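All remarks here apply to the structure that follows.
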Amino acid sequence: MLCLTAPSCSPSLPPRPSRPAADRPGPGISGGGNVRLSAVPAPSSLRWSWPRKAKSKFSVPVSAPRDYTMATAEDGVGDLPIYDLDPKFAGFKEHFSYRMKKYLDQKHSIEKHEGGLEEFSKGYLKFGINTENDATVYREWAPAAMDAQLIGDFNNWNGSGHRMTKDNYGVWSIRISHVNGKPAIPHNSKVKFRFHRGDGLWVDRVPAWIRYATFDASKFGAPYDGVHWDPPSGERYVFKHPRPRKPDAPRIYEAHVGMSGEKPEVSTYREFADNVLPRIKANNYNTVQLMAIMEHSYYASFGYHVTNFFAVSSRSGTPEDLKYLVDKAHSLGLRVLMDVVHSHASSNKTDGLNGYDVGQNTQESYFHTGERGYHKLWDSRLFNYANWEVLRFLLSNLRYWMDEFMFDGFRFDGVTSMLYNHHGINMSFAGSYKEYFGLDTDVDAVVYLMLANHLMHKLLPEATVVAEDVSGMPVLCRSVDEGGVGFDYRLAMAIPDRWIDYLKNKDDLEWSMSGIAHTLTNRRYTEKCIAYAESHDQSIVGDKTMAFLLMDKEMYTGMSDLQPASPTIDRGIALQKMIHFITMALGGDGYLNFMGNEFGHPEWIDFPREGNNWSYDKCRRQWSLADIDHLRYKYMNAFDQAMNALDDKFSFLSSSKQIVSDMNEEKKIIVFERGDLVFVFNFHPSKTYDGYKVGCDLPGKYKVALDSDALMFGGHGR
């Protein structure tokens, strides 16, 4: 693989070490370093001045400028700016008008009755346990409860003296005066909400808005207890560093704090901050995406079966420890996104939100009733997004993480499940607009997402909000004001599927260059997306990391640089670099990598569970593999650093100029331009080329900006 730049754009580069190709055996696949190129001006049939559209199979038009004029409920929402993006949208005006009107009506109701979205989203300052003047006040929405008490360490778990009162909206409350100037409920003490179900039974539940929850690690399967978290001022973490500015293109490092250490144990927020964040910075990423932050009682759920939405996962530390992590990231110039799960909730009753469902109607519950309230594949509960208190809960949840922990945005998990009444189950989206805009659409969920995105960008205009959506719903990533759902980016989820299909099912000569280019460019160019070759999904037990798919068992014996590389290792390292880089350069407007894959982490991820005797061996990151000088992992890590640095210098990820000019099936070559760079990828397993002519937009002599075959990246230096 070669990346070329015109002299006027070329940064100063260190001299490249060289070695005759004959000094080392040829690789299983050329990394592109042995493609000798003649850069020639494009013939008249292919020459253009940007932004004129190129006469090429794949070209990128400049995105239409956004019109931020807000539609109002009074104007009938009949002239939304999204209609200018795509003439086909006009056939679905009834759908767009309906959901926009529903959004505006809901927003107006909140403004009328709650003082606006910003006040409405401060629910965590009212609900749960808070200090108000000289008393501790606890509020809980539980309309189905017939009687209620607050219990805990502070009253020896006897609630007879702390009975609560219920208002007309189903909100229970109690006010407990301070004792000798101190809160009656001490900081870091256990509490629970005890209520009478109406069938003669009293049940104890973790408060829905609790900010910390712990369990007794000495007892197998012990449920979580709510913990009142209100440290004295001297113990509160105070942020020292401002948020970094929003980058033109996010280069995201996806990470799981618990499995981020090398030891077979759960790692902590402070360990991640001190040991892993410097690695992320050194590899030139500009954004960290943290998984599994919201409390989840089942560790192996990867954090996606949330039990306590406002609580920091206590396995890795306290809320103050997480604040330290975010602040440390900001000090390094790294923005921090959080995986937020508002698509469903854990079905746990004892320590989860589901415990508040005691068979009442859906208007008095967080969830839908009957089959509509259960996700049959995930074994979890589904929110009723039309419910007023559900909106308060979820919108306040977003604001809580942004305000209290200084997160710079979110990656919304399971958005496809939210968007449709069928939740994407057994659906194969073919791209027909009828699949997206019809009776299958869950308009209540869409309206919630519109409210959420409007709120987040109002509170923090530079917020980055990413949708995990496999359906490809149009205008998901257009602003709410235009008639879109309001996300900044969507994940390009088809890309890793293409790579896995090729690696598992096709020989190298069967790889289709046009198929690769089509997969990487098949997106709506008026909406931004994040490209990735592999994420955590591709590494979970039952599958393998891309490096392990390529090199498998030879990674145990063939990664020493003290011996010649086998054809399998040579091919594997070359393809690992090329696949990740072409995905980054051609696949989207941002890039994502999962922790450890930048250096070709071997094997797979397997959380401790009964099936593996509760082992942490595959639930950690072996950083030492990249640090040991005589192992070849260092080459993949160095190339990851270099490709991120290249975007720092040339900003090609944020460039709208993207043209694929050559897809040679016989020679297995893909050539494209992105920004001011020309990229040439040779995927042939054995052939190299001399004098290969490449048409390019800008005339002149080109220099090599990045070469995957360089010796410093484990190549052959040709």
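In case you wondered, yes, glycine gets a Cβ from its N, Cα and C as well.
Quick look at what TrEMBL annotates:
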| type | residues | note |
| --- | --- | --- |
| COMPBIAS | 1-11 | compositional bias 'Low complexity' |
| REGION | 1-37 | region 'Disordered' |
| DOMAIN | 265-632 | domain 'Glycosyl hydrolase family 13 catalytic' |
| ACT_SITE | Asp413 | active site, nucleophile |
| ACT_SITE | Glu468 | active site, proton donor |
Integer Cα-Cα distance in angstrom, Glu468 (active site, proton donor) to Asp413 (active site, nucleophile): 5
Packing count at Asp413 (active site, nucleophile) (other Cβ atoms within 10 Å of its Cβ): 22
Rounded mean pLDDT for the residues that make up the domain 'Glycosyl hydrolase family 13 catalytic' (265-632): 95
